[in-house]
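**Q** First the structure, then my questions, so here it is.
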Amino acid sequence: MVKKSYPEVKEEYKKAVQRCKRKLRGLIAEKHCAPIVLRLAWHSAGTFDVKTKTGGPFGTIRHPQELAHDANNGLDIAVRLLDPIKELFPILSYADFYQLAGVVAVEITGGPEIPFHPGRLDKVEPPPEGRLPQATKGVDHLRDVFGRMGLNDKDIVALSGGHTLGRCHKERSGFEGAWTPNPLIFDNSYFKEILSGEKEGLLQLPTDKALLDDPLFLPFVEKYAADEDAFFEDYTEAHLKLSELGFADKE
């Protein structure tokens with residue numbers, strides 16, 4: 001694990017985080033938008049490059065230039081949904097706000113409570129396109145993309161389990177359908193579904209199947225399908241790492 005030294009934030013800022021969290025719970029519950037909010041948080045963070053220290057969860061995804069990246073099709077909807085709440089909390093950085101929203105999206109759908117440390121600063125320059133995972137690719141691609149972020153095999157499989165939420169939309173990704181029978185509940189059903197083979201009406205992407213094709217990925221899939229607590233524990237660690245890529249790292 002990368003050692004962290006979190007910045008001191010003022011009491012007023014901490015209180016704003018807590019109030020914002022309550023407002024986000026209300027919005028995400030009312031609009032059933034946890035899946036797209038989680039996707040926004042992930043795609044915001046997943047552009048980090050551990051070598052060049054560029055990209056990452058620093059709020060640049062709000063810019064039209066980054067929203068126009070192919071991997072971010074449809075995420076303008078999430079930005080627009082969240083904007084009225086962000087306007088209530090001008091003190092918060094977009095960087096913190098989007099990662100806080102991702103934490104709430106997991107928690108409010110029955111998933112684990114992920115620790116949240118405030119203090120990310122907004123950056124201006126969006127990262128180059130092409131740093132996010134592509135659904136049509138296989139094992140090597142997953143390791144390349146997540147390795148560039150500084151994440152490992154366990155993180156890859158645990159984060160893949162986030163596909164328990166939501167669905168694919170043909171006009172956004174070229175694929176259609178949900179991964180699990182209940183796409184608004186965060187649980188370990190993603191792993192059960194991919195192990196049980198393709199089913200009518202449910203989706204399996206090439207990147208999902210890749211988890212079964214690899215001797216290092218497969219044991220994690222089997223473990224998480226059998227033990228939801230183990231999945232939640234590893235997911236929490238992986239989500240926290242993703243949400244803090246390039247943030248508060250000790251030199």
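Just so it is clear, glycine is given a Cβ too, placed from its N, Cα and C backbone atoms.
Remember, predicted model here, so these are calculated numbers, not experimental data.
In case it's useful when we look at the structure, here is the feature table from Swiss-Prot:
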type	residues	note
ACT_SITE	His43	active site, proton acceptor
BINDING	His163	heme b binding site
BINDING	Thr164, Thr180, Asn182, Ile185, Asp187	K(+) binding site
SITE	Arg39	site 'Transition state stabilizer'
**Q** Tell me, if you would, which residue among Thr164, Thr180, Asn182 (binding-site residues) has the fewest other CB atoms within 10 Å in the structure shown?
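**A** Relative to the other binding-site residues in Thr164, Thr180, Asn182, Asn182 has the fewest Cβ atoms within 10 Å.
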**Q** Would you mind reading off the Cα separation of Thr164 (K(+) binding site) from His43 (active site, proton acceptor), to the nearest angstrom?
**A** 17
**Q** Can you give me the same-chain residues 6 or more apart in sequence from the residue listed as 'heme b binding site' with a CB-CB distance under 8 Å?
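**A** The residue listed as 'heme b binding site' has long-range Cβ partners Trp179, Thr180, Tyr190, Asp208.
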**Q** Between the Cα atoms of Asn182 (K(+) binding site) and His43 (active site, proton acceptor), what distance do you get, rounded to the nearest Å?
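**A** Counting only the Cα atoms, the answer is 23 Å.
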**Q** Excluding Thr164, Thr180, Asn182, Ile185, Asp187, which residues of the same chain place their Cβ within 8 Å of the centroid of the Cβ atoms of the recorded K(+) site?
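**A** Near the K(+) site, beyond Thr164, Thr180, Asn182, Ile185, Asp187, sit Thr109, Gly110, Leu165, Pro181, Pro183, Leu184, Phe186, Ser189, Tyr190.
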**Q** Within its own chain, what residues at least 6 apart in sequence put their Cβ under 8 Å from the Cβ of Asp187 (K(+) binding site), listed in sequence order?
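**A** Sequence-distant Cβ neighbours: Gly110, Gly111, Thr164, Thr180, Glu228.
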**Q** So how many other Cβ atoms are close to the residue listed as 'active site, proton acceptor', meaning within 10 Å of its Cβ?
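**A** Within a 10 Å radius of the Cβ of the residue listed as 'active site, proton acceptor' lie 23 other Cβ atoms.
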**Q** Round to the nearest Å and give the CA-to-CA distance linking His43 (active site, proton acceptor) with Ile185 (K(+) binding site).
**A** 20
**Q** Roughly how many angstrom lie between the C-alpha atoms of Arg39 (site 'Transition state stabilizer') and Ile185 (K(+) binding site)?
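**A** With the alpha carbons as reference points, the distance is 15 Å.
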**Q** Of Arg39, Ile185, which of the recorded positions has the most Cβ neighbours inside 10 Å?
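**A** Buried the deepest by this measure is Arg39.
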